[in-house]
Amino acid sequence: MKYLLSYTPEVREALDRNRPVVALESTIISHGMPYPENLRTAREVEEIVRSQGAVPATIAVIGGRCKVGLTDEELELLATSPEAVKVSLRDLPVVLARKSLGATTVATTATIAAAAGIEVFVTGGIGGVHRKSPGDPAQMWDVSADLTVLGRTDITVVCAGAKSVLDIGATLEVLETLGVTVLGYRTDRFPGFYTRDTGFGVDARVDTPEEAAAVIHARQQTMLPGGVLVVNPVPEEHAMDPDEVERHIADALKAMAAEGVTGKAVTPYLLARLKEVTSGRALQTNIALVKHNALVGAQIAVALKAGK
């Protein structure tokens with residue numbers, strides 16, 4: 001993997017000097033938000049990371065290379081190009097071989113970041129176990145590769161929980177089976193992306209970046225496979241009402257089943273539907289939580305380097 005990596009000078013220098021670096025995914029740019037909000041948010045998130053003393057490394061696949069850190073022109077390309085494809089692990093060899101423009105999912109970003117020696121990765125929300133479509137009890141479980149990658153990759157992922165469109169209980173069961181440590185940042189509850197509490201708990205609560213870093217460092221010392229998931233609830237002023245979100249998701253799932261949407265198109269479809277039916281409020285919540293995660297993730301990355 002390492003010989004396929006290309007770095008921006010800023011990221012390469014930071015890694016060489018053992019400075020804190022924060023990985024960022026690119027699917028949120030190409031598939032998670034519309035233009036121009038996607039480009040503006042990507043730029044603002046990178047600046048938030050820098051403001052805390054860390055270096056941002058947005059990851060994507062461009063020209064047959066795994067890019068660790070993007071130029072502003074590359075960010076704009078991902079934000080505007082209809083040719084950008086969503087790259088999970090199974091897609092990575094194809095996208096590399098064809099030299100396509102690829103936006104990396106949580107699973108692929110985590111894999112590339114770990115190969116580059118980056119310890120902390122910030123995203124909006126992780127994938128997980130999808131809910132079954134109404135009226136189809138025989139439907140197979142759709143389980144995101146994000147979970148299996150977290151179970152085998154030494155990386156810390158900071159997010160606002162699992163996306164609300166997922167089966168949260170089943171997702172947490174898989175994380176437990178894989179041995180992933182789930183930390184709640186200033187919370188005892190597992191958040192659900194748009195909402196602050198899904199009704200499920202976390203493995204442990206941490207209230208400072210230093211406390212989170214201590215747990216991460218202890219896990220690294222154990223040499224256990226897999227990583228740490230730090231869940232950081234969306235700020236209260238931007239959180240959505242859980243009952244409203246559930247109602248919209250139920251309606252969206254019915255529409256999705258009627259339209260035959262499957263596979264990697266599911267999450268973008270559901271997020272777009274939520275944006276539409278909430279008159280853009282879901283998008284604003286998404287932007288707010290990503291920025292909040294960038295702030296906390298950068299602080300944890302700095303604390304992790306300082307504590308070693």
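From the backbone N, Cα and C atoms, a Cβ is placed for every residue, glycine too.
Note that the coordinates shown come from a computational prediction; the quantities given were computed from them, not determined experimentally.
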Given that Swiss-Prot annotates Lys86, Ser144, Ala145, Asp146 as binding substrate, state which candidate in Val61, Val106, Val120, Val122 belongs to that site as well.
Val106
Conformational class of Lys86 (substrate binding site) under the three-state DSSP mapping:
strand
Run through Glu25, Asp142, Lys163 for me and report the recorded positions whose CA is within 10 Å of the CA of Val106 (substrate binding site), in sequence order.
Glu25
Tell me, by DSSP, whether Asp146 (substrate binding site) is helix, strand or coil?
helix
Give the number of CB atoms, excluding that of Asp146 (substrate binding site) itself, located within 10 Å of its CB.
29
